[in-house]
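Asks: Mind having a look at this structure? Questions to follow.
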């Protein structure tokens, strides 16, 4: 097994300890206990709340020298206690410097203070009176201070970089996040991909939701992971309640949170640093408004080699959900909204194409399978948008050698229920004649036998479109385009492809979503289509009239292929990482099965690019698309050896 660090992950934790106000000894003991627990779970970076060594609500006790000295003394003990831990820790401390007192984050690693980050935005409104005790970082004079017998960097613009990975840590404190341009925005532009916020944010009605939106939103704007730890149990309740809000977010996604916990909190997540950096490099506008700031980078080094050695002898512990259907939202309400949006985008794209070209008729081949069903439903909705009659949609059934009674009946029933114009044209005689013309034995059920049927169907659709001055609506989906599971100049070709950026796993959910609100007769047909095996129906049926040719038996599970497609295209992950994620997402699939199918994916993806280089127009609906005019520009003759070589080393 490989370690998660080798795959670009960093394990991060957010801790909210129980504390006692103005008792640094007790508080540091709590911080140490949680740090040891986190270290036992191989956490690399651990965050504690604002002023966690003294308590945020110490008030005028911050002017007591005894408290300040005790806080520094206990920090020194904490440094000793965590010296053996392979973990960067950030804790809150009041720091004396430049004739002032600063509210600071102390970042330390293996007994060494890496740096001290003073708070910049000091709130002094409503319930907050921090300016009574603390100065802003803008008033500091020194770049270095002495703390616990160490001379350490003292600056708001400090970054902490791991020498052995892409991890760069940036720190801000509470109010810093609540302003138009938080310090973390500049931290991110200067390289920080893991942002830490030590906070003491009290609870009032509605504030928690707003606070969460700030954290999640900032993680999205910064294309970063954002850890947020707010003071909790033990802070004074003289006037306020501190709920201990702990949040871990990554690039706009809430990974984990906890709040109002009277016990200590420890959240742990594996942060995908590689994923964040891949996105930053791809989105070139990310660095479009960098302003000049004086940043200092402090280097530390996590022992990734030791982690790799440990991983060889044990099952990899992974603290992150790997979704087996990354194109399909897991939460029902979100999924339904996504289906609604996607369906509307598809229909609107087609409606505008028809409107702008002045074309009245749409022509589709209807097979009774999922893809052509979705294309027909989209077309029907587009015509409703345009307030045009359904009779202007021409659906063509073209039974061939492998057409089953089930799919043929479903295609006919659906068209009849929608009230569109129908045509039924058998391709059997034309294909037999064509095989005779080119000297192909009809008993030879090879690629020629299959592809000539697909091309015959496309020719029929194109000719009908010419007859009717219509537009051929393509039915092929994103998964088929990725794998080249379509006949060149056959079903590969149309005049407008409405499913071109919809993966197979999502097609099923879209059809099911339409079925939920459909009229009973339409719903019945759609439900049977959803339960029909996926097949191109190009090879003859068995003796009982059942479909013999199953797509997923030939090329593997679409669930796996769509999983591969998502991580190859969306994030550019290497084979080793994709296999690792797939093992956690598909627990019923063994490692060798995953490797074998990923090998199929890479071979087909590379060798079939020539089909995508000349694919028809079709709108983008999600984050992954293969349009050669937009998202994916790849040479048709690129080599896949580099990718397969890594897979072979894993087999």
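A Cβ is built for glycine as well, from the same backbone N, Cα and C atoms used for every other residue.
Curation does not apply to TrEMBL; its annotations are automatic.
Annotations per TrEMBL:
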type	residues	note
ACT_SITE	50	active site, proton acceptor
ACT_SITE	119	active site, for glutaminase activity
ACT_SITE	174	active site, nucleophile
BINDING	125, 201, 207	L-glutamine binding site
BINDING	365, 366, 367, 368, 369, 370, 371, 372, 475	ATP binding site
BINDING	451, 480, 485, 486, 487, 488, 611	deamido-NAD(+) binding site
DOMAIN	10-273	domain 'CN hydrolase'
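How about a rundown of where these features are and what they're close to?
Replies: Over all protein chains present, the Cβ of residue 50 (active site, proton acceptor) has 25 other Cβ atoms lying within 10 Å. Look at residue 50 (active site, proton acceptor): DSSP puts it in coil.
Under the DSSP three-state reduction, residue 119 (active site, for glutaminase activity) is assigned to coil, being neither helix nor strand.
Other Cβ atoms within 10 Å of the Cβ of residue 174 (active site, nucleophile), summed over all protein chains shown, number 26.
Of all the Cβ atoms in the protein chains shown, 26 others lie within 10 Å of the Cβ of residue 201 (L-glutamine binding site).
The number of other Cβ atoms within 10 Å of the Cβ belonging to residue 371 (ATP binding site), over all protein chains shown, comes to 22. In the three-state DSSP classification, residue 371 (ATP binding site) falls within a helix.
Counting Cβ atoms from all protein chains shown, residue 485 (deamido-NAD(+) binding site) has 22 others lying within 10 Å of its own Cβ.
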Asks: Would you mind listing, in sequence order, the residues at least six apart from residue 451 (deamido-NAD(+) binding site) in the same chain with a Cβ closer than 8 Å to its Cβ?
Replies: 487, 488, 490
Asks: At 10 angstroms around each C-beta, which of the binding-site residues 125, 488 has the fewest other C-beta atoms nearby?
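Replies: Selected from the binding-site residues 125, 488 on minimum Cβ neighbours within 10 Å: 125.
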Asks: Which one of the binding-site residues (475, 487) has its C-beta surrounded by the most other C-beta atoms within 10 angstroms?
Replies: 475
Asks: In terms of DSSP three-state secondary structure, what is the assignment for residue 365 (ATP binding site)?
Replies: strand
Asks: With the cut-off set at 10 Å between Cβ atoms, which of these binding-site residues ends up with the most neighbours? Options: 365, 369.
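Replies: Output for this query is 365.
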Asks: Tell me the Cβ neighbour count for residue 486 (deamido-NAD(+) binding site), meaning other Cβ atoms within 10 Å of its Cβ, over all protein chains shown.
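Replies: Counting Cβ neighbours of residue 486 (deamido-NAD(+) binding site) within 10 Å gives 23.
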Asks: Give me the Cα-Cα distance between residue 485 (deamido-NAD(+) binding site) and residue 371 (ATP binding site), rounded to a whole Å.
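Replies: Per the Cα atoms, residue 485 (deamido-NAD(+) binding site) and residue 371 (ATP binding site) stand 13 Å apart.
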